[in-house]
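Structure first, then comments.
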């Protein structure tokens with residue numbers, strides 16, 4: 001059972017989602033509908049995008065806690081650009097560029113300057129948040145044009161253009177990691193950095209690329225946030241980094257690197273969003289969301305650690321049991337002296 005859970009984290013997350021769906025369906029029979037599914041998917045888009053970026057970083061055995069601030073900074077960037085008269089495409093591209101530069105800077109700190117990822121991104125978390133507040137003067141950005149809001153307006157099968165783009169990104173990144181040598185380089189880098197270097201993997205480039213793509217995904221999440229609510233508060237992105245990490249760990253991405261899939265992280269993000277919908281259904285205050293996210297993250301980390309220890313213990317027991325069985329068999333085998341009385345008598349005479 002432990003091996004099944006350890007080796008099928010995506011299936012376990014999917015089972016949890018289906019179980020939660022079933023429980024909510026019992027509470028509210030109107031919950032089972034296409035509208036409910038599309039609503040949850042729309043709500044999960046920001047977390048899904050952040051989970052995609054966090055997966056790339058965590059696979060390389062790093063972590064980025066500045067993505068919430070990058071999300072807020074890029075949301076402010078697109079909002080200010082639009083209000084300054086720039087077009088929608090130019091504003092979005094500018095925000096994506098800002099996110100990529102922010103992620104690239106994180107990668108430089110970790111890869112070239114050898115600063116631990118958690119320390120480097122804690123510093124840039126405050127740096128990017130402060131820059132966001134400097135740009136806005138601590139004020140909200142309102143009056144965003146309708147063009148931006150149209151990105152989150154349902155068009156086909158009740159899914160918005162951003163929703164279709166998100167699904168395309170999921171499929172593309174899943175294929176990249178699972179079917180290309182470049183994608184497998186992320187796993188090799190996180191599993192054994194020195195070994196990957198000896199095999200010719202450009203580990204520094206892989207890690208910088210992971211952080212840069214994480215910044216791009218955070219920027220895209222900021223654009224989605226602005227398009228969904230139509231304004232940009234001065235606290236945009238607060239706490240999203242913890243939810244992104246929780247979604248990844250919940251979906252089977254190891255904090256030790258080299259393990260997990262994009263699909264698992266997406267399922268984790270979907271499950272966390274579904275939990276938020278439960279809070280709405282139960283009419284609990286919104287501030288419970290952060291508490292639940294932290295509780296889920298802590299619980300999953302404890303469970304993951306205990307599960308990994310249990311699996312490793314079982315593997316050791318099986319290995320030692322095989323050696324013990326071989327030793328017992330060798331002890332029971334008759335020796336040459338046991339089968340040859342003459343040899344036994346010579347041995348006794350020698351003694």
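Backbone N, Cα and C atoms are what each Cβ position is placed from, and that goes for glycine too.
Features as listed in Swiss-Prot:
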TRANSMEM  14-34  transmembrane segment
TRANSMEM  39-59  transmembrane segment
TRANSMEM  70-90  transmembrane segment
TRANSMEM  93-113  transmembrane segment
TRANSMEM  115-135  transmembrane segment
TRANSMEM  155-175  transmembrane segment
TRANSMEM  213-233  transmembrane segment
TRANSMEM  252-272  transmembrane segment
TRANSMEM  284-304  transmembrane segment
Report, as numbers and ranges, every residue of the chain located at least six residues beyond the transmembrane segment (115-135) whose Cβ falls under 8 Å of a Cβ in that stretch; write 'none' if there are none.
57, 62-66, 68-70, 72-73, 76-77, 80, 102, 105-106, 109, 234, 236, 241
Spell out yes or no: are there three or more C-beta pairs under 8 angstroms between the transmembrane segment (70-90) and the transmembrane segment (14-34), with each pair 6 or more apart in sequence?
no
Selection from 93-113, 213-233, 252-272, 284-304, the stretch that has most Cβ pairs under 8 A to the transmembrane segment (39-59):
252-272
For the transmembrane segment (14-34), give me same-chain residues lying six or more residues beyond its boundaries with a C-beta closer than 8 angstroms to one of its C-beta atoms, as numbers and ranges.
157-158, 267, 270-271, 274-275, 277-278, 281
For the transmembrane segment (252-272), which stretch among 93-113, 155-175, 213-233, 284-304 has the most Cβ pairs under 8 A?
155-175
Are there residues at least 6 beyond the ends of the transmembrane segment (93-113) whose Cβ is under 8 Å from a Cβ of it, and what are they?
53, 62, 64, 66, 70, 73-75, 77-78, 81, 86, 120-121, 123-124, 128, 204, 207-220, 222-223
Using a Cβ-Cβ cut-off of under 8 Å, list the residues of the same chain that are 6+ residues beyond the ends of the transmembrane segment (213-233) and lie near it.
42, 45-46, 49-50, 52-54, 56-57, 64, 67-68, 70-79, 92, 95-96, 98-104, 106, 136, 140-144, 148-152, 162, 240
